[in-house]
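Peer 1: For reference, TrEMBL lists these features for the protein:
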TRANSMEM  82-101  transmembrane segment
TRANSMEM  113-132  transmembrane segment
TRANSMEM  153-174  transmembrane segment
TRANSMEM  208-224  transmembrane segment
TRANSMEM  231-251  transmembrane segment
TRANSMEM  271-291  transmembrane segment
TRANSMEM  303-329  transmembrane segment
TRANSMEM  349-377  transmembrane segment
TRANSMEM  398-417  transmembrane segment
TRANSMEM  423-449  transmembrane segment
TRANSMEM  461-481  transmembrane segment
TRANSMEM  515-536  transmembrane segment
DOMAIN    517-567  domain 'Cationic amino acid transporter C-terminal'
């Protein structure tokens, strides 16, 4: 793919090198002068309407967006690399830290069922991601998929939460790394942390080791994607050996009496734990961002994504069972549960082996996360929703150096201050929200194509999606507000969900068939993914939602002041959107006249905004 394009808006981007001038960050017309910016702010309602109604195209994401990075990412990965990336990305702090926390505080030995529930939800999301990644193999992952199907504005809201997900996830793993390092050194985690009494307790346990580990990972992620793959491959093999040891040795020391009180807090405890333990499955979406560097996406991505998730889910369930069989759930150590459990059954030497294996696992999680989050940020910057300086790909290494450094700097800062339990809950909200949007986008992709879907079928699609979403939200709200034995509300919400899904199945014809690989049992699997993700959201604590609300508010403020105007200018300059249509079809191509510009259709349907 070359970098010489006709879009005038791209020329400035492609001429820039590695300088740090104003044009590297705010090159768009709206920021050329104070007067331009004031005019842009006055047009905010019109521009916002345009961006809400704008949908990108597969070809735009695959070609034009990639050209904005100056250099191509190198296609060096196959399904074997992706599978080990998936295992390395997922099996880490979640299983080695949160299992003990949730078993002791919420689920008891039934934590294995919590892993089953969150595993089913993750697997459904994997199917949705896989279809998109095969057909739109770009570094943007879910951001690119949502831009194509739900529009620019929803893609940006998701993008902000994607970035939050990766920063928080990396920070949580980095802090967990310190906990297991302390165990390996026969110390307590707090021995390696600095207690700042002037700060709130949730933010006053400063962790310098987490910062050092993050810095090392940053260097590795910058050097080479293939090199990162090899390192991940070797570390993951060692990690799998340690996991097999934990499972076999744990079952050999099993005491079935520890399962006597299987679910001390009932179903509510199981689902509350499941919502938090979803954190343990976070990471597979990073594999989808590597589609741009995959040799044969149609073959490699389904095998890599689905295969790694099946292996991970089975391993999680067996590990959770082994832990709770070795030690009573109320005696489990929340910082290093597996290491301390082996010490409790008389195998003190084994705790060092477990701690070393956990460290290797968390190192690969950090590495794969660093690779994935940088590629997300790169594609977001290609759309100019973030400064285009972040979209640059280094010609020598073939990696997005600027995006990697920025993301891991943010990760290190959060890891330095914030405790694990705060991070895990907030991460789960962001992740479940994004996965829900991707499932909705998959249904839109299958059932709605401009020029193919009739107005009548479009209305039926909207009604069915509204029924699925409203019933899922109703089920989650009823679960959160009702008592343990209440069930009447489910007799209303569940049939409505079934009605919405059946309506899609019987009454709305497919507008598009997958070209290479498709999600089976559409619309049932995507609809179930929406329902489960929303339900798990309803099990997360109020404080986490408040933090999520604050973050979303900050995102909107940034978008209205900068991101909206930058992406609007870029879209118009690069002729990204078709404007020979009106009314509902604007949802396909994104057309809204502003007060200061008129929209003119070109021969190929692309739009040019010219000053009046």
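Cβ coordinates come from backbone N, Cα and C, glycine included.
Quick caveat, the model's predicted, so the values are computed rather than measured.
Provide an account of the burial state, proximal residues and distances for the features listed.
Peer 2: Counting only same-chain residues 6+ beyond the ends of the transmembrane segment (349-377), those with a CB under 8 A from a CB of the stretch are 73, 85, 88-93, 96, 139-141, 143, 159, 162-163, 166-167, 169-170, 173-174, 176-177, 180-181, 183-184, 213-214, 217-218, 220-221, 225, 228, 231-232, 235-236, 238-239, 241-243, 245-246, 249, 283, 285-287, 289-290, 292, 336, 338-340, 342-343, 386, 390, 399-400, 403-404, 406-408, 411.
When DSSP labels each residue, the domain 'Cationic amino acid transporter C-terminal' (517-567) comes out as 40 helix, 0 strand, 11 coil, counted as helix, strand and coil in that order.
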Peer 1: Within this structure, do the transmembrane segment (398-417) and the transmembrane segment (271-291) have 3 or more Cβ pairs under 8 angstroms, counting pairs 6 or more apart in sequence?
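Peer 2: No, the transmembrane segment (271-291) does not contact the transmembrane segment (398-417).
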Peer 1: Mean pLDDT, the domain 'Cationic amino acid transporter C-terminal' (517-567)?
Peer 2: 86
Peer 1: Taking the transmembrane segment (398-417) as the reference, which of 153-174, 231-251, 461-481 gives the largest number of Cβ pairs under 8 angstroms?
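Peer 2: So the stretch in question is 153-174.
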Peer 1: When only pairs 6 or more apart in sequence are counted, do the transmembrane segment (303-329) and the transmembrane segment (208-224) reach 3 or more Cβ pairs under 8 Å?
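Peer 2: In this chain the transmembrane segment (303-329) does not contact the transmembrane segment (208-224) - fewer than 3 Cβ pairs sit under 8 Å.
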Peer 1: Take the transmembrane segment (231-251) and find every residue of the same chain, 6 or more past its ends, with a Cβ under 8 Å from one of its Cβ atoms.
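Peer 2: Sequence-distant neighbours of the transmembrane segment (231-251): 81, 84-85, 87-88, 91, 220, 315, 318-319, 321-323, 325-326, 338, 341-342, 347, 350, 353-354, 356-358, 360-361, 363-364, 367-368.
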Peer 1: Checking distant contacts: for the transmembrane segment (208-224), what same-chain residues at least six beyond its ends satisfy Cβ-Cβ under 8 A?
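Peer 2: For the transmembrane segment (208-224), the nonlocal Cβ contacts are 170-171, 174-175, 177-178, 181, 192-194, 231, 363, 366-367, 370-371, 374, 394, 397-399, 401, 404-405, 408-409, 411-412, 415-416.
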Peer 1: Which residues of the chain, 6 or more past the ends of the transmembrane segment (82-101), have a CB below 8 A from one of its CBs?
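Peer 2: Hits for the transmembrane segment (82-101): 111, 172-173, 176-177, 179-180, 229, 232-233, 235-236, 239-240, 243, 276-277, 279-284, 286-287, 290, 294, 300-301, 303-305, 307-309, 311-312, 315-316, 319-320, 323, 332-338, 358, 361-362, 364-369, 371-372, 420-421, 424.
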Peer 1: By Cβ distance under 8 Å, which residues at least 6 away from the ends of the transmembrane segment (153-174) in the same chain are close to it?
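Peer 2: Contacts of the transmembrane segment (153-174) (Cβ under 8 Å, skipping residues fewer than 6 from its ends): 48, 51-52, 54, 92-93, 141-144, 146-147, 207, 210-211, 213-214, 279, 282-283, 286, 362, 365-366, 369-370, 372-373, 376-377, 380, 383, 385, 407-408, 410-412, 414-415, 418, 420, 423-424, 426-427, 430-431, 433-434, 437, 551-552, 555-556, 559, 563, 567.
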